[in-house]
Every structure is written in structure tokens, then in C-alpha cells.
Amino acid sequence: MFSIFIKIILILPSIATKTNNIDIKSWRSAQTFDGFGAVSGGGATSKLLFTYFSEKSDRKQVLESLFNKDNGLQLLKVEMGGDDQSTEGTESSHESEKGKISKNNYEFQLISEVREINPTIPICVLPWAFPGWIGNTPYDNVTETAEYVVNWLKIGRDTWNFDTFCVGVWNERNFSESYVKELRKILNLNGFNETLIVAGEGFRMDDSYSRLLDKRFINEYDIIGVHYPGGRIPENVQKSGKVIWASEDYSTDNRDTGEGCMARTMNWNFINGNITGMISWHLMSAFYPQLPWYRCGLARIDENKFQTEKAFHVLKYITSHVKRGWKILRESSGRFDGGGTYVTYTNGKDSTIFVETMSYKKSLCEYSSPRPYHVKPSQLIRFKFSEIPSFQGLNMSLNFGPSKFFSKSVNSTITILLPVNSFGILTTLPVSTPKRVTIKTPLVPLNYHDDFENYEFDEEPKFWMPQKGSWVVRNGRAVQKVTRPSISWCTSHIRTPYAVMAYRKKNSILNAEVNIPKHSTAKSIILGIRSNCSGCDIEVINCRGIFVEIEFSNKKVTIFSDFVDRSIIAEFKARRKVEFGKFYKFSIHLLDSHLFIKFGNHHVMTSVEIPEEQLNKTNNDTLFVIGTGNFGISEWDNISTDYFH
């Protein structure tokens, strides 16, 4: 039996010495460490990885830096796409229409490539939205919803050769006991007996906790998932015997307090909440900087480079020196008297202690900040170890500094000085100091053009970030495939499928060939420039832009701004016939105060004067928009952009 004795003595400047004795002689208080991971999704957050690093060999470098077995992430959680907005954009569903299975969602490709780097990494999945054919809610027909979810797991197993470690219920929305029971049944019937169910998955779970602990339900699921808990887990939940995860956490701007938030949260979750696993949102900001929550992940990608963020480097202090399955020692973890925390991990042979003394202001998180507290300017910490015969000393690294070796004294003590706003490790292992990884992006062409010929069936178009509905490539065309509103996670009142792409030059032209098939329920197409429409808040802010809508049934053309509550600028009839079932080429661009609209290959353009107020409002907005006026199939080809001086 492994035994460890740790004594921690704090000597604070100018005050009497205080001693905090911790005596561990067995693993009776140890808990299994489930790992630190990240979420891909919750809004197509990894989408542009496949645009900027289109070659698999280039992506391998990126994913190696995030998931290598030596110091990478230990869990990967992905969104189960539902064709609807889920923060940064939509993720394509694997079954947008009942019985029509799509197997090339980019998350499947991401999982496959991550598993080539780390074949044993656990994969978890959670829906944000659901396709509309399921009903008004996921719980209208629990069997149908469970079968829909299990179909995703089947694709993973049968097509992409991975097993799903855990599956959630519905992101940050109410759960249903009857659905969870049915999901367990359907999982087992399809050979997924080992797949765990994560229940909860919400903010502010006061009522949810009592339901989760109901003796008639508590054995129907495996993990209690909590989002942004800040370590605040009720005592009865901590003592319930259920595994508790922060199944979504972090999401804090790395340009501000992200690094400190991560350092504090990693420890506080366990010390305050008995939380043994943490999954950070989001894996990478692989979306346009114009979209919300940019640089609130563990890495970022733009047209110039991939780069890891400091929050990930903090996390790597643990992932480099602690593995899933190690034990967290409850009685060897706690708070320093002068502020700050320490958590001890061990595998019975080696040990790692993560320490942090982050101040309140330097560790604020977007969602889970505590009440104000105070940390002493510096603290002298004396660790005392005994009953570990092979133990000679500890390697220490603080704040990404070089490693230092501290030999234990005759009485098995090691003394360190911890200033405020410090974080790092003491470990029996050689120290791997986290460092930033930067990988240059392959050259991105100045002008965009795509004929959609070199795609797998149902692969998602590059560069475009759908914000409502979903585009996939089929037979050389980008198809908006959603025919009815989804069970929405946000933007539930929006009935306009649309996608956005950032443009690189101010004076830009958008060209597209578009067909609305005869059988489609879509009635019009929309092109837009100088827009800021993205994310979940478009209804609140009434997102802006300069948009052109062409109705196929009556040739009516409407120019408008303000996407939700439209401000009409002009209306007129197109000069040429526009029919369903035929492709037409459309172009729009803005020159000074004039919007030019071009139909087909004709040289004649229609010019509309844009009011100065609308020009001023959209002057700094840089998103192109494509879409349809309502749900229904539309086909897009030869989309391109040009710019002029």
C-alpha cells in the first residue's frame, strides 16, 4: 500500500508562524482523476481548422500540439450538430431528415484525426439543438430522440471506428428523467452498454440537483455534469457517490484574465466542489474574429497562424505531469492560510502538486467568479514528506519559469516562497515547462472562389460559417439542406437560414450562382455585405448589414438593413425572369454610397443609393452573407469574391 505523509507549514511575514498538518497514510480519501479536456463545438468553434489547414499533414501539427499523449488534453467533447445556432454558428446534423444519415460532419473528421495522435482519448458528445422532425422538444417522443442520438454513436463506431465514452442530454436546458431512462435502454440495445450518460449539463442547477439525487433516478445515469460551477457544489451532491464533472468551464478572454481564471478554477473545482474532471470551452477559436467569444479558448487560428493560449499552458502544467486515472488526494489538498490553494495528485509512485495564489482581480472568469477575497503578497510554504523512501526532492516551475530542484532536508521538508499571482507545480517527475506553440498558416488566397468540386459528399464548405440552417456539399454544389426550423438552442424566432464569411478588403464584391429547386419550400435568396450578423444575440441587437433579397416567384427585389426587424431601403422588380429550378448568377457590391446589383452575365447593373445613416452604421462591419428568406433547399455554386480599389 502506497503511503505518503505531507506536512505543510506556512510562515507568513510579520506574523506568528502557523502550521497546517496533513497526515495521509492510506488512499481512503483518494479519488480518481478523470482528466482535463476541451469542447469542440458549442457553435462550430473548430470549423475553420479545416479551411486554414486544409491538408491533413498540416492539421496533424496543430492537433499534435493539443492532444499529444505526453502533455496534451485528456478528454475531447464535441457537439452533436443540430443545424441550428449554438454560439458561433451551426453544426451540421447527422440526420437532418429522419432516416437520411450524413456521416461527414467535421466533428467526426476531427475526432478521427485526434485519435490518430492519441488512440485512447475518451470521446464525449452533447447536443445543443435537434432537427425539427423530432418535434417541438426533444422529449415529445423520447424513443425517437434516443434513436436519433444513438445513430450518431453508430456512425462513430461503424464508419469512423471510435467508441463514445460518454453522451449528454441537452446542453444547458432542462433534462427529462424518462428520456434519460430511454436513452440508457436504446444505448444498451445497440451495444453501447459501456457508454456513460452525463446528466445535468446546466447553469444554476438548484432544482436539477434535487432531481438528480432522487433515489428513483440516481442510478439511471453515471456522471453529474455542471457548467461553470466555480466549485460551488452543494454538500449533499458531493456526498452522493456520483462522479461530478465541470463538463463545461472556462470560456474567458485570454487577452484579459484567462490565465488566472484557469489556474484558480482547476484547483477550486476540486477543493470546493469535489469535481474530478473539467472540460474547457472551447478547444480552439477557429472562427472569424468578428464573431463573439473569439480568443476565449485554449488556442486560436486565423489566416496567418495557429497559436496556443496561456490558459492552455496553465492546463499543461497538469496534463504534462498527471495522467487520467491518477488519484487526487483529498486530505493533501486545500487552502493556504494566506490565500491560494494546492491539489495533490499521485499514481502511487510519483506525485505532483499544483499550487496557485491568484488574486481576485487577476483570476476573474466570465461565468464562475467568486466573491472578492484577499491573498497575502507572499507566503513561505514548507512541505514535509515522510514514508516515501525513494523521495529525494521536488522539481518546481512557477509561472512558466525554468525548473528548479529542491532537495528534501534531513527532516523531509521543502520550503518555497510563493508570491501572490503565482501558479505552477512541484513534482517528483522531470518538469516539462509549458511553452507557446505557433504554426504558420498555409497561404490563403486574397480572393475567394469555390466551385465545390473537390469535396466528399456532405462535407461542409470551407470559409463559410452557417449561423442558421446548414450547408453541405453535394454533387459539386453547396446545399442549404434544412427544410424546417430546428429545436432551437438560441435564435428560436429566426426563420432565415444564413451563413457568413469575413472579407479581407473593404471594397469587396460577392458573386454567387444560385438555384432554388422546384420542390423547395424556400422562396427567395439573400446576399449581404458589411454585416455583423452572427451568434446568439442577433435578435437582441437586431444585427445590421446591407442585404439584397430576390424572390423567385414574383421577381421582387428588396434592399434592406437590420436583419431581424428590417429597415427597407428600396424595392423594385427584377428586369429579367427568375424561375425555380434554374441557376442564376447574382453579384452585389458597394461603391461609395451606391449598391450595385447584377443579374446574370449582363453588363447592366441596378444601382441603389444607400442612406448615409446605414453606411455609417455598417462602416466597420466585414461579413458577407448568403442565405434564403425562409427554410428550404437552395443550391449554391461558383461563389466568389473580388475587391476593387
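Note: Cβ is positioned from N, Cα and C throughout, glycine not excepted.
Quantities reported herein were computed from a predicted structural model and do not represent experimental measurements.
Summarising the annotation, Swiss-Prot assigns active site, proton donor/acceptor to E172 and lists similarity to another entry as the type of evidence. With a cut-off of 8 Å between CB atoms and residues at least 6 apart in sequence, the same chain places E201, G202, F203, H227 near E172 (active site, proton donor/acceptor), listed in sequence order.
Counting every protein chain shown, 28 other Cβ atoms lie within 10 Å of the Cβ of E248 (active site, nucleophile). The active site, nucleophile annotation in Swiss-Prot covers E248.
Per Swiss-Prot, the feature substrate binding site maps to T87, W128, N171. Within the same chain, residues at least six positions away from T87 (substrate binding site) with a Cβ under 8 Å of its Cβ are G42, G43, T45, W128, P292, W293, C490, G535, C536.
DSSP assigns C261 (disulfide bond) to a helix. Listed in sequence order, the residues of the same chain lying 6 or more apart from C261 (disulfide bond) and placing their CB within less than 8 Å of its CB are Y250, T252, A311, S363, L364, C365, E366, S369. The disulfide bond annotation in Swiss-Prot covers C261-C365.
Its Cβ placed at the centre, N141 (N-linked glycosylation site) has 15 other Cβ atoms within 10 Å. N141 (N-linked glycosylation site) falls within neither a helix nor a strand when secondary structure is assigned with DSSP, and so counts as coil. For N141 (among others), the entry in Swiss-Prot reads N-linked glycosylation site.
Under the three-state DSSP scheme, N174 (N-linked glycosylation site) falls in the coil class. Every protein chain considered, the tally of other Cβ atoms within 10 Å of the Cβ of N174 (N-linked glycosylation site) stands at 13. The N-linked glycosylation site annotation in Swiss-Prot covers N174 (among others), and the record cites sequence analysis as its basis.
Sequence annotations record features per position, and here Swiss-Prot assigns N-linked glycosylation site to N193 (among others) based on sequence analysis. According to its DSSP assignment, N193 (N-linked glycosylation site) is coil.
Annotation for N274 (N-linked glycosylation site): spatial neighbours Q31, I233, Q238, I244, criterion Cβ-Cβ under 8 Å with sequence separation of six or more. According to Swiss-Prot, the feature N-linked glycosylation site maps to N274 (among others), an assignment based on sequence analysis.
What Swiss-Prot lists as N-linked glycosylation site is N395 (among others), and the listing cites sequence analysis. Within 10 Å of the C-beta of N395 (N-linked glycosylation site) there are 18 other C-beta atoms, taking all protein chains into account.
Annotation note: N411 (N-linked glycosylation site) sits in a coil segment as assigned by DSSP. Of all Cβ atoms in the protein chains displayed, 10 besides its own lie within 10 Å of the Cβ of N411 (N-linked glycosylation site). According to Swiss-Prot, the N-linked glycosylation site annotation covers N411 (among others), on the basis of sequence analysis.
Feature annotation from Swiss-Prot assigns N-linked glycosylation site to N532 (among others); the stated evidence is sequence analysis. Secondary structure from DSSP puts N532 (N-linked glycosylation site) in coil. Take the CB of N532 (N-linked glycosylation site) and look out to 10 A: across all protein chains shown you find 20 other CB atoms.
As annotated by Swiss-Prot, N-linked glycosylation site applies to N616 (among others), with the evidence given as sequence analysis. Listed in sequence order, there are no same-chain residues at least 6 apart in sequence whose CB falls under 8 Å from the CB of N616 (N-linked glycosylation site).
As annotated by Swiss-Prot, N-linked glycosylation site applies to N620 (among others). Other Cβ atoms within 10 Å of the Cβ of N620 (N-linked glycosylation site), summed over all protein chains shown, number 10. Following the DSSP three-state reduction, the secondary structure of N620 (N-linked glycosylation site) is coil.
Summarising the environment of N638 (N-linked glycosylation site), the number of other Cβ atoms within 10 Å of its Cβ, over all protein chains shown, is 17. Feature annotation from Swiss-Prot assigns N-linked glycosylation site to N638 (among others).
Look at Swiss-Prot and you will find 1-16 tagged as signal peptide, backed by sequence analysis.
Cβ neighbour density within 10 Å is lowest for N193 among the recorded positions N171, N193. In this structure the C-alpha atoms belonging to N532 (N-linked glycosylation site) and N193 (N-linked glycosylation site) are separated by 45 Å. Listed in chain order, the extra residues whose Cβ falls within 8 Å of the Cβ center of the substrate site residues T87, W128, N171 are G41, G42, G43, E79, S86, L126, A129, E172, W489, C490. Of all the recorded positions listed here (W128, C365), it is C365 whose C-beta has the fewest other C-beta atoms within 10 angstroms. Distance noted between the C-alpha atoms of N638 (N-linked glycosylation site) and N171 (substrate binding site) is 36 Å. Here N620 (N-linked glycosylation site) is compared against the recorded positions N171, N174, N395, N411, and the shortest C-alpha distance is to N171.
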